[in-house]
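Colleague: Here you go, one structure.
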Amino acid sequence: MKSKCEYNRTAITEFILLGLVETPDLRPVVFVVFLLSYLLTVGGNLSILAAILVETKLHTPMYFFLGNLSVLDVGCTTVTIPSMLARLLSHKRTVPYGACLTQLFFFHLLVGVDCFLLTAMAYDRFLAICQPLTYSTRMSQTVQRILVAVSWALAFTNALTHTVAISTLNFCGPHVINHFYCDLPQLFQLSCSSTQLNELLLFAVGFIMAGTPLALIVTSYAHVTAAVLRIRSAEGRKKAFSTCGSHLTVVAIFYGSGIFNYMRLGSAKLSDKDKAFGIFNTVINPMLNPIIYSLRNPDVQGALWRVLMGRRPLA
């Protein structure tokens with residue numbers, strides 16, 4: 001059977017994305033819900049970014065990373081949701097082979113940078129709480145820019161590696177993807193050649209790209225927790241923990257949905273659970289981040305209010 005498609009690796013020139021629902025009557029509802037979610041995500045993250053840019057009180061390393069995270073959240077949801085909305089409007093469910101790989105590349109690029117930025121934010125909290133005397137020098141603007149640049153470089157390498165690896169597989173049918181965007185698990189299921197090396201590559205690189213940052217985050221917060229518990233004042237402990245709570249919530253949602261999504265890689269039968277995890281990765285996570293970071297932060301709330309009301313920041 002494999003020999004039938006060995007003659008032409010690109011025997012399939014396009015895929016069919018089934019989307020979230022196959023019932024025509026539900027498509028308008030899905031369109032409205034996801035359009036509103038997309039607008040809320042973009043609006044919320046751009047509002048956070050605007051608040052950070054105009055409010056001098058927020059010109060700190062933590063908010064520098066948060067601003068970058070907001071840009072990534074806008075990019076991540078833009079890579080997947082607008083194309084899905086367009087297919088719902090046009091009733092055309094096909095996506096060209098090249099467009100599918102392009103979407104896969106940018107999705108993994110942005111998610112990879114997101115992963116490293118969360119690690120940089122954990123490192124920032126570690127320095128601020130555990131080593132406050134050297135914080136300003138060890139988290140200078142130069143260091144911040146280097147951390148962001150390295151995050152982009154590593155994520156680009158990861159995304160390019162997976163995209164090149166998936167392009168070597170043969171796709172000769174079937175070409176129906178039970179999802180609303182192109183991702184590695186779904187494409188592995190459609191390949192008519194062996195994906196064993198690709199799966200090993202995904203787990204090996206994933207261990208480096210996700211496992212190492214997660215270990216660094218856990219280590220950073222272990223030191224932060226130990227340092228905070230040594231604070232005698234209950235008010236001081238509460239203030240220190242409050243600056244970390246938002247970040248830990250985002251980390252838990254981000255890694256939780258990602259781990260469950262790719263742990264199902266060996267499943268021979270895809271289900272609607274994959275779509276649910278996809279919604280978490282592309283819609284819910286980016287939409288919740290502005291809410292989580294502004295909900296308990298009076299500085300961000302004040303800056304957001306001034307931005308929305310068109311008022312100048314306080315001197």
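Residue numbering: from 1, along the chain as shown.
The backbone N, Cα and C atoms fix where each Cβ goes, and this holds for glycine too.
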Colleague: In TrEMBL, which of the ranges 172-194, 241-263 has the transmembrane segment annotation?
Modeller: 241-263
Colleague: Would you mind listing the long-range same-chain contacts of the transmembrane segment (241-263), meaning Cβ under 8 Å and 6+ residues beyond its ends?
Modeller: 62, 111, 114-115, 118, 121-122, 125, 128-129, 184-185, 202, 206, 210, 214, 217, 221, 224, 228, 274, 277-278, 280-281, 284-285, 288-289, 292-293, 295-297
Colleague: Sort out the residues at least 6 away from either end of the transmembrane segment (63-85), same chain, that have Cβ-Cβ distances under 8 Å to it, and list them.
Modeller: 17, 19-20, 31, 34-35, 37-38, 41-42, 45-46, 48-49, 52-53, 95, 103, 106-107, 110-111, 113-114, 117-118, 120-121, 124, 144, 147-148, 180-181, 278, 281-283, 285-287, 289-290, 293
